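Database features (Swiss-Prot):
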type	residues	note
ACT_SITE	H54	active site
ACT_SITE	D57	active site
BINDING	E181, E217, D245, D287	Mg(2+) 1 binding site
BINDING	E217, H220, D255, D257	Mg(2+) 2 binding site
Amino acid sequence: MNYQPTPEDRFTFGLWTVGWQGRDPFGDATRQALDPAESVRRLSELGAYGVTFHDDDLIPFGSSDTERESHIKRFRQALDATGMKVPMATTNLFTHPVFKDGAFTANDRDVRRYALRKTIRNIDLAVELGASVYVAWGGREGAESGAAKDVRDALDRMKEAFDLLGEYVTEQGYDLKFAIEPKPNEPRGDILLPTVGHALAFIERLERPELYGVNPEVGHEQMAGLNFPHGIAQALWAGKLFHIDLNGQSGIKYDQDLRFGAGDLRAAFWLVDLLERAGYAGPRHFDFKPPRTEDFDGVWASAAGCMRNYLILKDRAAAFRADPQVQEALAAARLDELARPTAEDGLAALLADRSAYDTFDVDAAAARGMAFEHLDQLAMDHLLGAR
């Protein structure tokens, strides 16, 4: 099997991923800064489809207008030379100290207004570069103490911000949608909209909910102890999976941002199986950090590993679904019954059906095995390469 990625696989990387210098709360950078144009070229050589960026990844904070245009020009030239795309962009509303108490929900009203203007400016650039999705990660939107933030007011301000952004892109005629990225904590002690479920509920309160979806990240949901494929399934069910961030995470701890497949391998297998069966058409976007132990050779090896692992899992998942024994096991586990409506004949017929309650043999039903273990072992065999 050929696991060499091509642009048709639609693999994308954030500039901040391969460009991460290895700086963390306990140590300084272990790598030099990487030119965005160089990232574009190297990722293209590896078979990627495109790149994404925060405004400050591409244009250093505080750049003059002349410097800004110079950075954009060099980036465009790299895109044109390689054919790489920019399907998504986002705003850095977390690094500069001005955002120490958040951006859209900062208690300081002036900071909130600045955050909106900063975002709008980058939306214009994102659209110019061809982006169709704009991600919003509220990493500083939260609190460490109960009295510091009235969460109801903060949610009002967050709603106001997204409604204003929706109004702006509508007035401009932009073909752009927003994807909210949940995370439970880090860097704030507790972050607003911590999970996919919180974000989906919030979206329903917005003035233009059709413009908003979610951008779930593997590690973020797993930091909350949740099942990531289940969260993705609910986002797909709601028609709100506008983007996805793929990486690796090993349990409930800090945000590890491992390369995809390097954390919970079973969850990664079921995730790829779900995305491919659902016909998800968006980019497979990697939001990871090459470990600070690595030099630049290790950076590119890590990026290549993300794509290779996805393709291996895609191959294994397809083989699992095509296996005749798996088809038999799925039938034995009654998956076809789950897909059938419980009361397709309506409420009246359900209430009139004595076999549904009065004569239903609960003991016989309780004694029926579900054959889930056999089915799961077949999946393990395929995942581990034993079938």
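Cβ coordinates are placed from backbone N, Cα and C, and glycine is handled just like the others.
All features noted in Swiss-Prot, drawn onto the structure.
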residue: H54; record: active site; DSSP (3 states): strand
residue: E181; record: Mg(2+) 1 binding site; DSSP (3 states): strand
residue: E217; record: Mg(2+) 1 binding site; DSSP (3 states): strand
residue: D245; record: Mg(2+) 1 binding site; DSSP (3 states): strand
residue: D255; record: Mg(2+) 2 binding site; DSSP (3 states): coil
residue: D287; record: Mg(2+) 1 binding site; DSSP (3 states): coil
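There are 22 other Cβ atoms within 10 Å of the Cβ belonging to E181 (Mg(2+) 1 binding site). Between the CA atoms of H54 (active site) and E181 (Mg(2+) 1 binding site) there is a gap of 14 Å, rounded to the nearest whole number. You'll find the Cα of D255 (Mg(2+) 2 binding site) roughly 20 Å from the Cα of D57 (active site). Its Cβ placed at the centre, D57 (active site) has 21 other Cβ atoms within 10 Å.
A simple Cβ count within 10 Å picks out one of the recorded positions H54, H220 as the most packed, and that one is H220. Around D245 (Mg(2+) 1 binding site), taking its Cβ as the centre, 25 other Cβ atoms fall within 10 Å, counting all chains.
For the Mg(2+) 1 site, the Cβ centre of E181, E217, D245, D287 serves as reference, and the other residues of the chain with Cβ at most 8 Å from it are V135, W137, N215, P216, V218, G219, H220, I244, L246, N247, H285. Annotated pair E217 (Mg(2+) 1 binding site) and D57 (active site), C-alpha to C-alpha distance, rounded: 20 Å. Using Cα positions, the member of the recorded positions D57, H220, D257 nearest to D287 (Mg(2+) 1 binding site) is identified as D257. Looking at D57 (active site) and D245 (Mg(2+) 1 binding site), their Cα atoms lie 17 Å from each other. Note: the CA-CA distance between D245 (Mg(2+) 1 binding site) and H220 (Mg(2+) 2 binding site) rounds to 10 Å.
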